[in-house]
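Asker: I have a structure I would like to understand better, so I am pasting it below and will then ask my questions one at a time.
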């Protein structure tokens, strides 16, 4: 490999063409010191200068292989400080010689030294002994753009982590870390903060039901506040209740499961008894003046506020009955008695108060005398021996309520120190001429309990809870049977349902249910059970069918409706045959007859298809009931029959659509 040499530049030689100031003395063809990625340093020849991007291309020969790289201007000037200024260059210590095959004789006698390579010769990178200048600048290698971007992302990540740590620290200062449920509390608060009540309020349209179902949430009591219990109930609108149930994953991570329930009315913990009464029992008061049977009952867990809602505020064990639903109903009853419309009826008001405890009925106004519930010849339920006292004002009604509550059975439970253990029924009866005119039953149900909550209780307490749950279950079954139009309604399953029978099946009966719930997280299971119970009660709608059924009937209901329609059509046809009309039938009458005939044919097709389907199912069951039946043959035969049935049903569907379209057109013309 040819050597290279350095010649001193004399003043007589023409100076080199000056470069731009920021490039210094860097020119194409000079030798510069470079640093490799493995920290080796050697000489290389400058072959190209890019002034726009401020980088320099250098080349060298290493092991008979020509190599090159691009180096930015800053790195070149750091490794070669003598090239930084063209006007006053600093003296440079001689670099270590390049390999003998590439470097010739050098002379450093003059101040200014310019290294000029021989023509078509390139510096060698085989030698590793290249000394750094005697007074070097800071040997700082510029980082690649990729590395710079990585460092930038890392700095942003560290900044975000610092901010998150600061946020966690601030949150830790805001909450009481001694509360074990502060994480759940923050989840609930965050959920409520981002809750859009405008979207939730229209989750389910309000429908008219035979039972008005309302839910009332009570505030946290002193015991729950002392135990740092959380409020997991949210009432975002006037008919929606949300339960934030705390769950735990397999990795012990806690999360919320939010369950939503829709009712006729929902009241939060700030609602007063007057507000609850305005939307629950007050609309039913006037019905008893029209010979109606009204019922309002409170249902819920022990200690959820049933007696508070029905009876009034508590001050210790003393209760202010003037603010309960009992008193509010009595006030409206006596106000309506003075109305000119009902004043002519000469009505008298009576009050009764009895309890149902352990499957037996006791009169609370007659020192808890045991009573019998019997059915008379008119299939009306009568409580034999029940004392009825005439009342003339609200004060007398409150005296009866106070007397009855003083005799009512109560026990201490794990939730409440003074808990009612019986179903209390207070009735306001209107009589005209000694006969029943109307009745309003106000029922304060005993609190439902789970068996798991009474494991440490006495046997008597457990029997009490079992009897209470039995009667509440019977009440729900009766409501469901009425909602599904079952032929039998189990009213005789408990004394409670026997007493309330006329409130459900009477001609002018109207009922309202107030479900009271506890907001604490420890009562979450009981709260969900109460809401599910109330949700099932809501299914008893105005027409006797559950509201969640489809708009169009199916199955046997569809065939029954079609049969009735066909029967009416046939009767009308027979009637028209016997009536002799002297004139010719009009076009409208002719169209009506054609519509009836089409409906009759459709009914016959449907009946034939249904009979064929039932016969086919019986044949399949007989074949498959044998031991040696052919499975493949049965499957093939079933598929062929199904195809035929599908074709018939499709044809019936087309005819029904055409008939419906004709009826719509006819109604528009009329």
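Any Cβ shown, glycine's included, is placed from N, Cα and C.
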Asker: Pick from 90-117, 118-145, 146-173: which stretch is listed in Swiss-Prot under coiled coil?
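Answerer: Here Swiss-Prot associates coiled coil with the stretch 146-173.
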Asker: Under a criterion of Cβ-Cβ distance under 8 Å and sequence separation of at least 6, what residues of the same chain contact residue 304 (ATP binding site)?
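Answerer: Sequence-distant Cβ neighbours: 218, 447, 516, 517, 518, 523, 526, 530.
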Asker: CB neighbours of residue 305 (ATP binding site) within 10 A?
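Answerer: For residue 305 (ATP binding site), the 10 Å Cβ neighbour count is 22.
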Asker: What number of additional C-beta atoms lies within 10 angstroms of the C-beta atom of residue 303 (ATP binding site)?
Answerer: 25
